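One structure is given here, and the rest of the page talks about it.
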Amino acid sequence: MRYPWLRLAIFIVGCLFPLWWLYEAAMNLLGPDPGKILMDRLGLGALIFLLITLSMTPLQKLTGWSGWIVVRRQLGLWCFAYIVLHLLCYLFFILGLDWGQFAVELRKRPYIIVGALGFIGLLALAVTSNRYSQRRLGGRWKKLHKLVYVILGLGLLHFLWIVRSDLREWAIYAVIGGFLMVLRVPAVARRVPRIMGRRGRVAS
């Protein structure tokens, strides 16, 4: 296994935050509605993991270090894990497993539909994020995994719909997401290594 310490560090960080939040909830440090706080933090954590995952390819191109790509799948799976926990918090703490209320929520809060679509997309990517699926799908695998940018857009829209009144934090993530999308445009992606190469030659 390549870069085991980096993989271990990501695993520890991925576990640490939910465990710490659970500790805060157990100690009554999350206020009167700890379930909602947990749900919100896990959703935001998933968005952050998604942005970090999408930054791995540009970082590899900029630095030439293969470690970024090696941990990309692991980061993506942590994003999915946080989304699953986010969804479970919603089902248990917000709905109380009342499926009749779920239908009402869908009508009243369309952002839940947007979030559900993002979850379905992430589920498809998580299930196929293995070498077996790569071999079976062939060229279609890359096309499928480009869906991650649609998922990012859905995640940002879901977040925007929830915050509405205070857009400052949302704007930070939206700018980062937009920048990462621009870096994936073929014309831009081709120029980035050249720009870095020119800087390296100037510095030397």
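Cβ from N, Cα, C; glycine included.
On a predicted model such as this, the values are computed, not experimentally measured, just so you know.
What Swiss-Prot records for this protein:
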type	residues	note
TRANSMEM	10-30	transmembrane segment
TRANSMEM	42-62	transmembrane segment
TRANSMEM	75-95	transmembrane segment
TRANSMEM	110-130	transmembrane segment
TRANSMEM	143-163	transmembrane segment
TRANSMEM	169-189	transmembrane segment
Same-chain residues near the transmembrane segment (143-163), Cβ under 8 Å, at least 6 residues beyond its ends: 43-44, 46-47, 50-51, 53-54, 76, 110-111, 114-115, 117-118, 121-122, 124-125, 128-129, 137, 169-170, 173-174, 177, 180-181, 184
Long-range Cβ neighbours of the transmembrane segment (42-62) (under 8 Å; 6 or more residues past either end): 14, 17-18, 21, 68-69, 71-72, 75-76, 78-80, 82-83, 85-86, 89, 148-149, 151-152, 155-156, 158-159, 173, 176-177, 180, 183-184, 189, 192-193, 196
Surrounding residues of the transmembrane segment (10-30) on its own chain - C-beta under 8 Å, 6+ positions past either end: 37-38, 41-42, 45, 49, 71, 74-75, 78, 81-82, 85
